[in-house]
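Q: Below are the features listed in TrEMBL for this protein:
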type: DOMAIN; residues: 27-140; note: domain 'CUB'
type: DISULFID; residues: 27-54; note: disulfide bond
type: DOMAIN; residues: 170-246; note: domain 'LCCL'
type: DOMAIN; residues: 253-389; note: domain 'F5/8 type C'
């Protein structure tokens, strides 16, 4: 049977792997950070392969301990889970948890360890069925951890069912953007309560997928129709009536959400603009001032031969900028921008590229796929600057 808190078994593999790294041919979607992460078996939620293994080494900061949430453990049953198994090991104390499979599941959906290091080992031999596994983790500083499991979509947070409009908080681990499961709705309307919660939080722009984080939301009365939207690299679905919906808040929902205000642009500037002469010989200037989202008619467009075009916004004074919305121009032409970089400046002379929460390389934002729809991208962390380019 499962070794719940028993001593570490002989032969537990990969204890010497580098912290925060996965190894093996059975690893699926994985994102590991020091404070939280998400991991799954190959092909999840499809059937996992025969004769495969994966080992993840989780390493939390010194002085903290790891909490693991079992979103889904569906491994083909066998005696002592000999054919397919999930085994967790704490090398600091010599404690093991498992092995787990379908006939020997974890006794609780949340495992609280007393260690900052945990090795997660998945093995399979020949089998016929099983979705595999989906596990998320966070450190002990974040006890209210939500799961990323599509099997727990109704209420994927570990708190009692709250009254309507009540504000509550959940910690979402890193790596939920690419897990299996759907979301219905958008940041302005809210989301059907059957949406995968932490994936919806990424779509709403309240957390960055590569970091995860605490989200504040309320559970409110459902609406007749949820419109689809593309935001922060995810497309939500168009959905019909639901009894309840989830609304995310960038500040506590008891206060005015001031960070959703639209900032006024004092001046637009650009690297170049297109001076169009149509077939009738009429002039049309696609100048920078036409870049405002509310402008009717044609937009700004760079000179067609421009190699590195940019659009610059002067906000008049230093402001806190939490995101950007882009739209193409369908006025006679089907024009739109598919991706872009962002840089900022406090004086209009010295520019700093935006690197997002990872801080390693300039972030590429995913833009529009047509000239009709609006696409929003959040800045996490926000940009504090007067000029945005």
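Every residue gets a Cβ built from N, Cα and C, even glycine.
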Q: To which of the disulfide-bonded residues 27, 54 does the lowest count of other Cβ atoms within 10 Å belong?
A: 27
Q: Mind looking up the mean pLDDT for the domain 'LCCL' (170-246) in the predicted model?
A: 93
